[in-house]
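Undergrad: Take this structure first; my questions come after.
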């Protein structure tokens, strides 16, 4: 039915035809495929079109860093401000084997570039530098994150840290699929974040003239037509997570996969959901 409607629409400029009936909205009770995730949700232009355990509290791993970036942007207006990298930032995630942006102690790196390191490479060291600066201090920053979550109405959401690492426990930082999609929609309102989310790869230079190259961990960027981002995440208890978005014409979809069994499956399922939502 959808292919027929698309064909009629494509030929409308050549010949007048009777208006085709509007395609039926996707049935929210029937997932488009066998989605292998602990929870998930997909919205089309702000309306939920698919969900599974969307209000269940779950650990969200590095999806946490989306809120980290939002708090920074709501605090700082000068994104060219340099931050000096301290040793405590570069060793911050060592205990958990956290992903890093490979920052070098003593370098002075712009806030904007630290946001790239936090969101593209999912660098715990970059996130630590931002949190310590804008808390001030780690604890102060986490308080701001929770205050922002409350302001945005993110139900069943709590941040115990600014990076999603499993401490004090695997479940100390948690949210829901519904709240993460709501957060993703808000994050895309920031031009800076929208640009970062959709960046596949970037090379930046510190004020010490050191070069850093970071690649986006979201493999949909550059591969999925209209892909807008947003963020990947993983811990053993959270599973493989993906907050994603795409736009084609006037259709904007934002969705999340929480607890996929493998890294590749989260991207496969996100692609299936997006294709279904776009009517492909």
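In case you wondered, yes, glycine gets a Cβ from its N, Cα and C as well.
In TrEMBL, annotation is done automatically, which means it is predicted and not curated.
The feature signal peptide is assigned by TrEMBL to 1-24. Marked as domain 'Peptidase S11 D-alanyl-D-alanine carboxypeptidase A N-terminal' by TrEMBL: 45-262. According to TrEMBL, the active site, acyl-ester intermediate annotation covers 62. According to TrEMBL, the feature active site, proton acceptor maps to 65. Per TrEMBL, active site is recorded for 122. The substrate binding site feature in TrEMBL is assigned to 231.
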Undergrad: Taking only the Cα atoms, work out how far the residue listed as 'substrate binding site' lies from residue 65 (active site, proton acceptor), in Å, as a whole number.
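TA: With the alpha carbons as reference points, the distance is 8 Å.
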Undergrad: Could you state the CA-to-CA distance between the residue listed as 'active site, proton acceptor' and residue 122 (active site) to the nearest Å?
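TA: One finds 8 Å between the Cα atoms of these residues.
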Undergrad: By the count of other Cβ atoms within 10 Å, pick out the sparsest of the recorded positions 65, 231.
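TA: Comparing Cβ neighbours within 10 Å for the recorded positions 65, 231, 65 has the fewest.
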Undergrad: Express the distance between the Cα positions of residue 62 (active site, acyl-ester intermediate) and residue 122 (active site) as a whole number of Å.
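TA: Rounded to the nearest whole number, the Cα-Cα distance is 7 Å.
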Undergrad: Summarise the model's confidence over the domain 'Peptidase S11 D-alanyl-D-alanine carboxypeptidase A N-terminal' (45-262) as a mean pLDDT value.
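TA: So the average pLDDT across the domain 'Peptidase S11 D-alanyl-D-alanine carboxypeptidase A N-terminal' (45-262) works out to 98.
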Undergrad: If you count Cβ atoms within 10 Å of the Cβ of residue 62 (active site, acyl-ester intermediate), leaving out that atom itself, what do you get?
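TA: Cβ-Cβ neighbours of residue 62 (active site, acyl-ester intermediate) within 10 Å number 27.
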Undergrad: Which residues, sitting 6 or more apart from residue 122 (active site) on the same chain, put a CB under 8 Å from its CB?
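TA: In sequence order, the residues whose Cβ lies under 8 Å from that of residue 122 (active site) (at least 6 apart) are 62, 65, 99, 217, 231, 232, 233.
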